[in-house]
Amino acid sequence: MNPGGPKTSRGPAAAAAAEEDPLCCCEYLDRHGQRSHLAACCCDCDDLDACGERWLTCKSLPPGILERIADTFKDRFRLPWLRGAVKIDISLLPPIILLPVFLHVAALHFLLALVILISLPVMVLWYYYLTHRRKGQTLFFLSLGLFSLGYMYYLFLKEVVPWGQVGHSQVILLTCGLILMFVSLSQAKRDPGYLLCQMSNDKALCQGSSSSNNDNILSRNGLGNSNGHYGEAVSSVAMNSNTEGFPRTLANGPGRVTEDWCTKCQLVRPARAGHCRICDRCVKRLDHHCVWINTCIGEENHQAFILTLTLFLITSVYGISLTLDTLCKGKSTIKALFYCPGVYGDYSSALSFTCMWYCVIVTSGMGYILLIQLFNISYNVTEREARIALRENTGRKLLWGLIVDTGQYNRGFLHNWVHFLTLHSTALQRSSEDIV
């Protein structure tokens with residue numbers, strides 16, 4: 001092993017060598033295809049050395065050096081594992097490390113709790129807009145959500161239950177709510193309805209380029225081969241279009257459908273499908289990309305997403321009420337939220353009360369998301385369609401902008417909900433939603 005040697009790309013010979021000589025638990029193949037060891041994590045740090053030297057001598061840094069240092073750090077941040085060290089996404093770590101620290105510091109004094117509980121949402125929103133602008137995937141929000149749930153449940157069992165005010169049946173009920181929510185979350189994390197491409201060299205996304213395979217893919221994507229219009233349109237755009245990532249109308253006119261072509265995925269999109277720039281895939285009936293579960297919300301997982309939000313809100317409100325009934329005896333839940341004398345006199349009760357307020361903030365945010373989703377379902381509009389309507393000034397704003405009615409698919413409250421609850425039924429969808 002020579003960590004400081006020349007960087008070469010991994011080829012068939014390197015892969016064959018790795019198969020003949022298996023990696024030990026502390027070895028791995030780095031991003032250059034070279035065999036490396038965790039003990040050599042501080043070797044070959046020319047960029048870091050140059051950066052430190054220029055910083056000490058007050059010289060400007062060469063362009064791209066910080067990005068190379070970050071890439072190297074991400075590649076070498078690994079844990080020993082069977083058959084080679086595994087890479088750990090560093091975006092998982094900040095919530096796990098910082099959240100307990102912030103909450104325990106906030107429990108020391110009321111003013112500290114006020115400052116930290118205001119600062120936490122601000123920092124999370126700032127990081128969200130930062131990552132959203134770069135259109136990159138991150139596991140930070142998924143890690144924050146899952147760790148918050150687990151840590152709040154742990155503190156509830158450790159700090160609140162020993163007070164003796166919470167019965168075993170209530171703990172079991174709260175636990176069952178969490179289990180059901182995680183089951184629903186696992187369903188929401190599945191395929192949101194990714195469209196299969198008809199023309200691509202990526203075999204993982206395409207099932208071949210033959211006409212029979214194309215017909216099969218069109219059927220799975222919710223499109224039909226209408227009198228050969230598909231093949232005619234695909235060939236014309238594939239040869240003449242030089243743009244990427246933008247839909248394009250291929251054919252329209254009397255008796256012909258309008259086909260929406262995505263040059264990124266090389267496919268014809270059915271009605272209401274959209275391209276997610278974060279996942280870089282087209283999704284049937286794309287609603288939005290949810291950073292909290294790190295996946296798109298589309299036709300296949302929208303129902304599970306709504307169920308997950310609903311179960312979370314019910315479970316969270318129940319846990320908050322149990323905590324307030326324990327800490328502030330004899331007071332109503334709403335009154336105890338804002339007035340619970342003596343709660344900061346004991347560190348255990350102060351920590352429980354601080355975490356309870358953290359849960360209130362998170363629950364309020366999730367409640368707002370669920371409310372917007374319920375409004376959108378009632379008007380049969382997706383979040384993506386609402387944003388487009390606002391940008392193009394084609395939608396009708398209701399309730400101070402909370403609702404955007406495009407009017408394109410709205411068939412009335414009852415019909416809209418039947419449409420949502422039968423998203424997986426192809427026959428019912430075709431009757432209410434033709435290709436446009």
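Using N, Cα and C of the backbone, Cβ positions are placed for all residues, glycine too.
In TrEMBL, annotation is done automatically, which means it is predicted and not curated.
TrEMBL has this to say about the protein:
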- 84-103: transmembrane segment (TRANSMEM)
- 109-130: transmembrane segment (TRANSMEM)
- 139-156: transmembrane segment (TRANSMEM)
- 168-185: transmembrane segment (TRANSMEM)
- 259-386: domain 'Palmitoyltransferase DHHC' (DOMAIN)
- 304-324: transmembrane segment (TRANSMEM)
- 351-375: transmembrane segment (TRANSMEM)
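Long-range contacts of the transmembrane segment (304-324) within the same chain, counting only residues at least 6 positions beyond its ends with a Cβ under 8 Å from a Cβ of the stretch, are 152-153, 156, 160, 166, 170, 173-174, 177-178, 180-181, 184-185, 187-188, 190, 290, 293, 297, 331, 333, 336-337, 340, 352-353, 356, 359-360, 362-363, 366-367, 369-370, 373-374, 377. Under DSSP, residues within the domain 'Palmitoyltransferase DHHC' (259-386) fall into helix, strand and coil as 71 helix, 18 strand, 39 coil. Averaged across the domain 'Palmitoyltransferase DHHC' (259-386), the predicted model reaches a pLDDT of 91.
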